[in-house]
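Here is what Swiss-Prot says about this protein:
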COMPBIAS  312-321  compositional bias 'Acidic residues'
DOMAIN    129-179  domain 'DHHC'
REGION    293-337  region 'Disordered'
TOPO_DOM  1-20  topological domain 'Cytoplasmic'
TOPO_DOM  42-56  topological domain 'Lumenal'
TOPO_DOM  78-172  topological domain 'Cytoplasmic'
TOPO_DOM  194-210  topological domain 'Lumenal'
TOPO_DOM  235-337  topological domain 'Cytoplasmic'
Amino acid sequence: MRRGWKMALSGGLRCCRRVLSWVPVLVIVLVVLWSYYAYVFELCLVTVLSPAEKVIYLILYHAIFVFFAWTYWKSIFTLPQQPNQKFHLSYTDKERYKNEERPEVQKQMLVDMAKKLPVYTRTGSGAVRFCDRCHLIKPDRCHHCSVCAMCVLKMDHHCPWVNNCIGFSNYKFFLQFLAYSVLYCLYIATTVFSYFIKYWRGELPSVRSKFHVLFLLFVACMFFVSLVILFGYHCWLVSRNKTTLEAFCTPVFTSGPEKNGFNLGFIKNIQQVFGDNKKFWLIPIGSSPGDGHSFPMRSMNESQNPLLANEEPWEDNEDDSRDYPEGSSSLAVESET
(Lines of atoms letter the chains of each structure in order from A and count residues from 1; the text may use other names and numbers.)
(Lines give C-alpha, C1' and ligand atoms only; values in the text may rest on other atoms or scores of the structure.)
Protein backbone atom coordinates (compact mmCIF):
# COMPACT_ATOMS: atom_id res chain seq x y z
CA MET A 1 0.00 0.00 0.00
CA ARG A 2 2.74 2.43 1.03
CA ARG A 3 4.79 1.50 -2.03
CA GLY A 4 1.81 2.25 -4.26
CA TRP A 5 1.42 5.70 -2.72
CA LYS A 6 5.13 6.37 -3.23
CA MET A 7 4.92 5.38 -6.89
CA ALA A 8 1.84 7.54 -7.40
CA LEU A 9 3.53 10.50 -5.69
CA SER A 10 6.68 10.02 -7.73
CA GLY A 11 4.64 9.89 -10.94
CA GLY A 12 2.75 13.03 -9.95
CA LEU A 13 5.99 14.89 -9.23
CA ARG A 14 7.43 13.87 -12.59
CA CYS A 15 4.29 15.09 -14.32
CA CYS A 16 4.44 18.44 -12.49
CA ARG A 17 8.10 18.82 -13.36
CA ARG A 18 7.38 18.21 -17.04
CA VAL A 19 4.62 20.82 -17.02
CA LEU A 20 6.72 23.37 -15.12
CA SER A 21 9.66 22.83 -17.47
CA TRP A 22 7.63 24.52 -20.21
CA VAL A 23 7.11 27.70 -18.16
CA PRO A 24 10.32 29.44 -19.38
CA VAL A 25 9.39 28.62 -22.98
CA LEU A 26 5.88 29.98 -22.41
CA VAL A 27 7.35 33.21 -21.00
CA ILE A 28 9.54 33.68 -24.09
CA VAL A 29 6.62 32.95 -26.44
CA LEU A 30 4.37 35.46 -24.66
CA VAL A 31 7.05 38.17 -24.76
CA VAL A 32 7.65 37.53 -28.47
CA LEU A 33 3.92 37.59 -29.27
CA TRP A 34 3.55 40.89 -27.41
CA SER A 35 6.59 42.33 -29.21
CA TYR A 36 5.03 41.30 -32.54
CA TYR A 37 1.77 43.07 -31.66
CA ALA A 38 3.55 46.16 -30.32
CA TYR A 39 5.85 46.51 -33.33
CA VAL A 40 3.48 45.62 -36.16
CA PHE A 41 0.28 47.23 -34.92
CA GLU A 42 1.16 49.88 -32.36
CA LEU A 43 4.34 51.13 -34.05
CA CYS A 44 4.09 50.45 -37.78
CA LEU A 45 0.32 50.71 -38.32
CA VAL A 46 -0.53 53.38 -35.71
CA THR A 47 2.54 55.47 -34.90
CA VAL A 48 4.50 55.52 -38.19
CA LEU A 49 2.84 57.93 -40.63
CA SER A 50 4.90 57.47 -43.81
CA PRO A 51 3.50 54.64 -46.00
CA ALA A 52 6.93 53.89 -47.47
CA GLU A 53 8.46 53.68 -44.00
CA LYS A 54 5.67 51.36 -42.86
CA VAL A 55 6.30 48.97 -45.75
CA ILE A 56 10.08 48.91 -45.30
CA TYR A 57 9.82 48.38 -41.55
CA LEU A 58 7.28 45.57 -41.92
CA ILE A 59 9.17 43.71 -44.67
CA LEU A 60 12.49 43.74 -42.83
CA TYR A 61 10.85 42.91 -39.50
CA HIS A 62 9.02 39.87 -40.84
CA ALA A 63 12.13 38.59 -42.64
CA ILE A 64 14.04 38.61 -39.34
CA PHE A 65 11.05 37.32 -37.38
CA VAL A 66 10.64 34.25 -39.62
CA PHE A 67 14.24 33.12 -39.09
CA PHE A 68 14.07 33.97 -35.39
CA ALA A 69 10.93 31.86 -34.87
CA TRP A 70 12.19 29.08 -37.15
CA THR A 71 15.47 28.64 -35.26
CA TYR A 72 13.70 28.79 -31.90
CA TRP A 73 11.31 26.05 -33.02
CA LYS A 74 14.22 23.88 -34.22
CA SER A 75 16.10 24.41 -30.94
CA ILE A 76 13.08 23.28 -28.94
CA PHE A 77 11.84 20.34 -30.98
CA THR A 78 15.04 18.81 -32.40
CA LEU A 79 15.52 15.81 -30.13
CA PRO A 80 18.90 15.26 -28.49
CA GLN A 81 20.82 12.45 -30.13
CA GLN A 82 21.83 9.47 -28.01
CA PRO A 83 24.72 7.03 -28.53
CA ASN A 84 23.77 4.17 -30.78
CA GLN A 85 23.57 0.54 -29.78
CA LYS A 86 27.25 -0.23 -30.36
CA PHE A 87 28.15 1.76 -27.25
CA HIS A 88 25.61 -0.01 -25.03
CA LEU A 89 26.67 -3.01 -23.00
CA SER A 90 25.06 -6.26 -24.06
CA TYR A 91 22.85 -8.00 -21.52
CA THR A 92 25.63 -10.49 -20.76
CA ASP A 93 28.29 -7.81 -20.32
CA LYS A 94 25.93 -5.72 -18.22
CA GLU A 95 25.27 -8.62 -15.83
CA ARG A 96 28.97 -9.47 -15.62
CA TYR A 97 29.81 -5.85 -14.84
CA LYS A 98 27.08 -5.48 -12.19
CA ASN A 99 27.95 -8.77 -10.48
CA GLU A 100 31.68 -8.05 -10.39
CA GLU A 101 32.61 -6.65 -6.97
CA ARG A 102 36.27 -5.82 -7.68
CA PRO A 103 36.62 -2.25 -9.08
CA GLU A 104 39.90 -3.03 -10.83
CA VAL A 105 38.29 -5.92 -12.71
CA GLN A 106 35.34 -3.72 -13.68
CA LYS A 107 37.74 -1.11 -15.06
CA GLN A 108 39.58 -3.73 -17.08
CA MET A 109 36.29 -5.03 -18.48
CA LEU A 110 35.47 -1.53 -19.73
CA VAL A 111 38.96 -1.16 -21.20
CA ASP A 112 38.51 -4.39 -23.16
CA MET A 113 35.09 -3.31 -24.43
CA ALA A 114 36.34 0.16 -25.37
CA LYS A 115 39.07 -1.29 -27.60
CA LYS A 116 36.38 -2.08 -30.18
CA LEU A 117 35.06 1.50 -30.18
CA PRO A 118 36.40 4.88 -31.42
CA VAL A 119 36.78 6.24 -27.88
CA TYR A 120 39.79 8.41 -27.02
CA THR A 121 38.69 10.47 -24.01
CA ARG A 122 38.89 9.30 -20.42
CA THR A 123 37.80 10.34 -16.94
CA GLY A 124 40.03 12.46 -14.73
CA SER A 125 41.55 9.29 -13.26
CA GLY A 126 42.25 7.85 -16.71
CA ALA A 127 39.42 5.29 -16.70
CA VAL A 128 37.05 4.58 -19.58
CA ARG A 129 34.05 6.93 -19.43
CA PHE A 130 31.09 4.77 -18.48
CA CYS A 131 27.51 5.77 -17.66
CA ASP A 132 26.14 3.49 -14.96
CA ARG A 133 22.59 4.80 -15.55
CA CYS A 134 22.40 4.24 -19.31
CA HIS A 135 24.81 1.27 -19.11
CA LEU A 136 26.96 2.42 -22.00
CA ILE A 137 30.50 3.47 -22.76
CA LYS A 138 30.26 7.16 -23.47
CA PRO A 139 31.52 8.34 -26.87
CA ASP A 140 33.92 11.27 -26.94
CA ARG A 141 32.22 14.54 -25.86
CA CYS A 142 29.10 12.68 -24.73
CA HIS A 143 27.68 13.37 -21.27
CA HIS A 144 24.72 12.22 -19.21
CA CYS A 145 22.02 14.80 -18.50
CA SER A 146 20.21 13.96 -15.27
CA VAL A 147 17.34 16.27 -16.28
CA CYS A 148 16.65 14.43 -19.54
CA ALA A 149 17.77 11.14 -17.94
CA MET A 150 19.88 10.14 -20.93
CA CYS A 151 23.33 10.46 -22.46
CA VAL A 152 23.54 13.20 -25.11
CA LEU A 153 26.07 13.24 -27.95
CA LYS A 154 28.42 16.24 -27.84
CA MET A 155 26.39 17.71 -25.02
CA ASP A 156 26.85 21.46 -24.53
CA HIS A 157 24.31 22.21 -21.79
CA HIS A 158 20.66 21.82 -20.84
CA CYS A 159 18.80 25.02 -21.67
CA PRO A 160 15.58 25.83 -19.75
CA TRP A 161 14.64 28.53 -22.29
CA VAL A 162 14.20 25.91 -25.00
CA ASN A 163 13.37 23.07 -22.57
CA ASN A 164 15.86 20.87 -24.34
CA CYS A 165 19.38 19.55 -24.18
CA ILE A 166 21.72 21.36 -26.54
CA GLY A 167 24.11 18.96 -28.21
CA PHE A 168 25.28 17.55 -31.52
CA SER A 169 21.83 17.39 -33.11
CA ASN A 170 20.73 20.98 -32.38
CA TYR A 171 23.75 23.10 -31.39
CA LYS A 172 23.80 24.74 -34.82
CA PHE A 173 20.12 25.69 -34.44
CA PHE A 174 20.73 27.04 -30.93
CA LEU A 175 23.60 29.21 -32.14
CA GLN A 176 21.48 30.49 -35.02
CA PHE A 177 18.67 31.22 -32.58
CA LEU A 178 21.02 33.36 -30.50
CA ALA A 179 22.22 35.18 -33.61
CA TYR A 180 18.72 35.93 -34.91
CA SER A 181 17.60 36.89 -31.39
CA VAL A 182 20.37 39.48 -31.21
CA LEU A 183 19.45 40.74 -34.69
CA TYR A 184 15.75 40.82 -33.76
CA CYS A 185 16.35 42.92 -30.65
CA LEU A 186 18.82 45.19 -32.42
CA TYR A 187 16.43 45.84 -35.31
CA ILE A 188 13.54 46.66 -32.98
CA ALA A 189 15.70 48.96 -30.83
CA THR A 190 17.13 50.92 -33.77
CA THR A 191 13.80 51.42 -35.54
CA VAL A 192 11.87 52.26 -32.37
CA PHE A 193 14.45 54.67 -30.95
CA SER A 194 13.48 57.72 -33.05
CA TYR A 195 9.82 57.35 -32.02
CA PHE A 196 10.86 56.89 -28.42
CA ILE A 197 12.60 60.30 -28.64
CA LYS A 198 9.51 61.87 -30.23
CA TYR A 199 7.28 60.57 -27.46
CA TRP A 200 9.81 61.70 -24.87
CA ARG A 201 9.86 65.25 -26.31
CA GLY A 202 6.09 65.36 -26.64
CA GLU A 203 6.19 65.59 -30.44
CA LEU A 204 3.65 62.77 -30.71
CA PRO A 205 0.28 62.63 -28.93
CA SER A 206 0.20 60.59 -25.72
CA VAL A 207 -2.00 57.72 -26.84
CA ARG A 208 -2.17 54.01 -26.06
CA SER A 209 0.69 53.30 -28.47
CA LYS A 210 3.08 55.35 -26.34
CA PHE A 211 3.27 52.70 -23.63
CA HIS A 212 3.92 49.89 -26.14
CA VAL A 213 6.60 51.84 -28.00
CA LEU A 214 8.44 52.93 -24.86
CA PHE A 215 8.29 49.50 -23.25
CA LEU A 216 9.27 47.82 -26.54
CA LEU A 217 12.54 49.75 -26.61
CA PHE A 218 13.26 48.91 -22.98
CA VAL A 219 12.62 45.17 -23.44
CA ALA A 220 14.60 45.04 -26.72
CA CYS A 221 17.63 46.71 -25.13
CA MET A 222 17.45 44.52 -22.03
CA PHE A 223 17.34 41.29 -24.02
CA PHE A 224 19.95 42.56 -26.48
CA VAL A 225 22.56 43.08 -23.77
CA SER A 226 22.08 39.64 -22.22
CA LEU A 227 21.84 37.85 -25.57
CA VAL A 228 24.88 39.49 -27.14
CA ILE A 229 27.00 38.36 -24.17
CA LEU A 230 25.72 34.78 -24.45
CA PHE A 231 26.09 34.78 -28.24
CA GLY A 232 29.63 36.15 -27.99
CA TYR A 233 30.56 33.43 -25.53
CA HIS A 234 29.26 30.68 -27.80
CA CYS A 235 31.04 32.23 -30.80
CA TRP A 236 34.25 31.97 -28.78
CA LEU A 237 33.46 28.33 -28.00
CA VAL A 238 32.86 27.57 -31.69
CA SER A 239 36.12 29.30 -32.67
CA ARG A 240 37.95 26.94 -30.27
CA ASN A 241 35.76 23.91 -31.08
CA LYS A 242 34.73 23.55 -27.44
CA THR A 243 31.47 22.84 -25.70
CA THR A 244 30.36 24.68 -22.57
CA LEU A 245 31.20 21.59 -20.50
CA GLU A 246 34.67 21.31 -22.06
CA ALA A 247 35.33 24.99 -21.32
CA PHE A 248 34.70 24.32 -17.63
CA CYS A 249 36.32 20.89 -17.49
CA THR A 250 39.34 20.14 -19.69
CA PRO A 251 38.90 16.93 -21.74
CA VAL A 252 41.21 14.08 -20.78
CA PHE A 253 42.57 11.91 -23.58
CA THR A 254 44.48 8.65 -23.45
CA SER A 255 47.63 10.79 -23.55
CA GLY A 256 46.43 13.10 -20.74
CA PRO A 257 44.49 16.38 -20.33
CA GLU A 258 44.41 18.62 -23.41
CA LYS A 259 42.26 21.77 -23.40
CA ASN A 260 42.72 22.25 -27.16
CA GLY A 261 42.33 18.60 -28.07
CA PHE A 262 39.50 19.25 -30.56
CA ASN A 263 40.83 22.60 -31.85
CA LEU A 264 41.44 22.15 -35.59
CA GLY A 265 41.92 25.81 -36.52
CA PHE A 266 39.38 28.62 -36.88
CA ILE A 267 37.82 27.68 -40.24
CA LYS A 268 37.67 23.95 -39.56
CA ASN A 269 36.22 24.62 -36.12
CA ILE A 270 33.37 26.58 -37.68
CA GLN A 271 32.83 23.81 -40.22
CA GLN A 272 32.50 21.29 -37.38
CA VAL A 273 29.26 23.06 -36.41
CA PHE A 274 27.93 24.52 -39.66
CA GLY A 275 29.34 22.14 -42.27
CA ASP A 276 31.40 22.73 -45.42
CA ASN A 277 28.63 24.25 -47.54
CA LYS A 278 28.39 27.95 -46.66
CA LYS A 279 24.95 28.36 -48.23
CA PHE A 280 23.50 26.36 -45.33
CA TRP A 281 25.23 28.34 -42.58
CA LEU A 282 22.36 30.80 -42.08
CA ILE A 283 19.52 28.33 -42.63
CA PRO A 284 18.33 26.09 -39.75
CA ILE A 285 18.78 22.74 -41.47
CA GLY A 286 21.10 19.99 -40.29
CA SER A 287 24.54 20.33 -41.89
CA SER A 288 26.98 19.45 -39.09
CA PRO A 289 29.44 16.80 -40.33
CA GLY A 290 29.73 13.36 -38.76
CA ASP A 291 27.42 11.27 -36.65
CA GLY A 292 28.18 12.75 -33.22
CA HIS A 293 30.08 9.67 -32.03
CA SER A 294 33.58 10.51 -33.32
CA PHE A 295 35.39 13.80 -33.88
CA PRO A 296 38.71 14.84 -35.45
CA MET A 297 41.28 15.57 -32.76
CA ARG A 298 44.27 17.86 -32.78
CA SER A 299 46.07 15.75 -30.19
CA MET A 300 46.38 12.79 -32.57
CA ASN A 301 48.25 12.53 -35.85
CA GLU A 302 46.58 11.21 -38.98
CA SER A 303 47.90 7.70 -38.55
CA GLN A 304 46.20 7.51 -35.14
CA ASN A 305 43.02 9.40 -35.95
CA PRO A 306 40.82 7.69 -38.58
CA LEU A 307 38.67 10.81 -39.05
CA LEU A 308 41.66 12.93 -40.09
CA ALA A 309 42.83 10.13 -42.35
CA ASN A 310 39.42 10.08 -44.09
CA GLU A 311 38.78 6.52 -42.94
CA GLU A 312 35.71 5.05 -41.34
CA PRO A 313 36.57 3.99 -37.75
CA TRP A 314 33.70 1.53 -37.65
CA GLU A 315 30.57 0.68 -39.52
CA ASP A 316 27.06 0.64 -38.16
CA ASN A 317 24.53 -1.35 -40.13
CA GLU A 318 21.94 -1.39 -37.39
CA ASP A 319 18.88 0.78 -37.31
CA ASP A 320 19.46 3.27 -34.48
CA SER A 321 16.12 5.07 -34.66
CA ARG A 322 14.38 5.44 -31.32
CA ASP A 323 12.22 7.74 -29.27
CA TYR A 324 14.02 10.05 -26.90
CA PRO A 325 12.59 11.31 -23.61
CA GLU A 326 11.56 14.90 -23.17
CA GLY A 327 13.87 17.34 -21.41
CA SER A 328 13.12 19.64 -18.49
CA SER A 329 14.33 22.94 -17.18
CA SER A 330 17.66 22.78 -15.45
CA LEU A 331 21.30 22.08 -16.14
CA ALA A 332 22.57 18.84 -14.69
CA VAL A 333 25.40 16.64 -15.89
CA GLU A 334 26.94 13.69 -14.14
CA SER A 335 30.33 14.15 -12.54
CA GLU A 336 33.12 11.95 -13.84
CA THR A 337 35.94 10.55 -11.80
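Heads up, the Cβ atoms here are built off N, Cα and C, so glycines get one too.
Sequence-distant contacts of the topological domain 'Lumenal' (42-56), counting only residues of its own chain at least 6 positions beyond either end whose CB sits under 8 Å from a CB of the stretch, comprise 191-192, 195, 204, 207-209, 212-213, 216. In the topological domain 'Cytoplasmic' (78-172), the DSSP tally of helix, strand and coil residues is 26 helix, 20 strand, 49 coil. For the topological domain 'Lumenal' (194-210), the residues of the chain that approach it from at least six positions outside its boundaries are 42-43, 46-48, 217, judged by C-beta separation under 8 angstroms.
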